[in-house]
Amino acid sequence: MKHLAIFGSTGSVGQQALAIIRSLPHLFNVVALASYGNKRDLFFEQIREFSPSIVSVYDEQLYFEIRKEFPKVQAFLCEEGLLAAATANEIDTIVAASSGIVALPAIIAAMRSGKTLALANKEVLVSAGELINGLAQQYQTKILPIDSEHNALYQCLEGRDTSEVRKLFLTASGGPLLYKSKEELTRVTIQDVLKHPIWNMGAKITVDSSTLVNKGLEIIEAYWLFGLEHAEIDAVIHPQSLIHGMVEFEDGTVLSVMNPPSMLFPIQHVLTTPKRCPAPHKGMDFSIKQILEFFPIDEERFPSIALARQVLQDKGSSGPFFNAANEILVQRFLKKEIAWCDILDKLTRLMKNHRVSSCTSLDDVFSVDKEARALAQEI
């Protein structure tokens with residue numbers, strides 16, 4: 001039985017992780033739940049159903065309500081609860097499904113405590129990949145990627161020598177604006193951007209999908225996860241989102257992972273590995289016609305890919321700067337302060353003007369993050 005802490009339990013990935021746990025109750029014990037939003041009713045339902053001994057929230061009113069409603073549960077406010085879960089002896093696996101880098105100190109504490117890290121948070125590796133990789137080697141941390149693309153690559157590479165790999169391919173749906181002309185892109189609305197043709201995701205990641213910044217972040221994440229050179233990591237448009245990642249080996253053979261576009265598949269793989277367990281969700285249906293298309297990304301139209309490659313060349317502070325600046329620009333777009341086209345234009349200018357510095361500690365990461373947010377708010 002695995003003993004789990006779920007960071008971000010009321011978010012999309014957190015809820016789906018609990019759905020998998022619900023379907024395989026004999027395999028899991030939920031020891032800790034952490035929520036970053038104010039979804040009171042949902043979080044209370046989760047506490048009642050899974051009976052965690054540790055809970056953590058970021059809303060002070062909700063914290064006091066939990067203490068009153070669940071007096072036997074250890075309730076914590078803000079980072080204190082994440083750190084309590086990260087260092088609890090009875091927990092062996094942390095499911096990091098929160099967004100941003102708020103959980104970074106707890107993730108590092110978990111690594112130092114010998115926990116397995118089930119990682120659904122790409123910002124952690126984008127912002128602190130060098131730091132995380134160093135700790136993973138030092139403490140022999142097992143990092144299991146939940147992102148569908150990286151999970152697919154992980155499955156293809158499992159037990160194989162990366163020296164035999166020619167190239168990794170992440171697939172991209174192309175997002176909601178894939179077939180719009182350059183002229184049409186100047187007039188897109190928030191409603192246009194949030195209508196993703198395949199995935200049902202939060203607003204921020206859906207905007208990132210439309211600019212392909214999400215794919216840029218994933219290229220950076222793949223670099224830190226798999227230890228290949230950035231020239232050996234690529235992305236291709238695959239509108240059907242049935243193939244999630246491909247590995248081309250030196251002999252020209254390509255291995256891939258195929259499943260319907262649902263996070264339930266990579267989440268279940270990570271939670272149950274090394275076993276393959278019966279799934280409550282449906283797999284591929286080959287009784288109907290399936291079409292698979294692949295074509296290259298227009299990097300002139302989507303400079304986010306080139307920006308990600310520049311981050312990997314520069315390293316240091318460029319990762320946390322890129323991540324934080326983009327996050328603020330997306331927020332400004334969603335508030336109707338800037339146009340969609342401004343996101344990549346302003347991000348390109350910010351990255352061009354950024355002076356790369358060393359970034360080897362938590363303080364460094366948070367300092368660069370703060371600087372990038374301020375500059376992205378002003379530009």
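Backbone N, Cα and C atoms are what each Cβ position is placed from, and that goes for glycine too.
Taken from Swiss-Prot, the feature NADPH binding site applies to Thr10, Gly11, Ser12, Val13, Asn121, Glu123, Gly202. DSSP assigns Val13 (NADPH binding site) to a helix in the three-state reduction. Sequence-distant contacts (6 or more apart, same chain, Cβ under 8 Å) of Val13 (NADPH binding site) comprise Ala97, Ala120, Ile146, Met263, Ile267.
DSSP assigns Lys122 (1-deoxy-D-xylulose 5-phosphate binding site) to a helix. Cβ environment of Lys122 (1-deoxy-D-xylulose 5-phosphate binding site): Asp147, Leu217, Glu218, Ile220, Glu221 lie under 8 Å away, each six or more residues apart in the same chain. Marked as 1-deoxy-D-xylulose 5-phosphate binding site by Swiss-Prot: Lys122, Ser148, Glu149, Ser173, His196, Ser209, Asn214, Lys215, Glu218.
Taking Cβ-Cβ distances under 8 Å and a sequence gap of 6 or more within the same chain, the neighbours of Glu149 (1-deoxy-D-xylulose 5-phosphate binding site) are Leu170, Thr171, Glu218, Ala222, His244, Gly245. The Mn(2+) binding site annotation in Swiss-Prot covers Asp147, Glu149, Glu218.
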Separation of alpha carbons, Asn214 (1-deoxy-D-xylulose 5-phosphate binding site) and Glu123 (NADPH binding site) (Å): 10
Inter-residue Cα distance where the pair is Asn214 (1-deoxy-D-xylulose 5-phosphate binding site) and Thr10 (NADPH binding site), in Å: 22
Check: same-chain CB within 8 A of Mn(2+) site center, minus Asp147, Glu149, Glu218: Lys122, Pro145, Ser148, His150, Asn151, Leu170, Lys215, Glu221, Ala222, Gly245
Cβ-Cβ neighbours of Gly11 (NADPH binding site) (radius 10 Å): 20
Binding-site residues: Thr10, Ser12, Asn121, Asn214 - member with fewest neighbouring CB atoms within 10 Å: Ser12
Integer Cα-Cα distance in angstrom, His196 (1-deoxy-D-xylulose 5-phosphate binding site) to Ser12 (NADPH binding site): 15
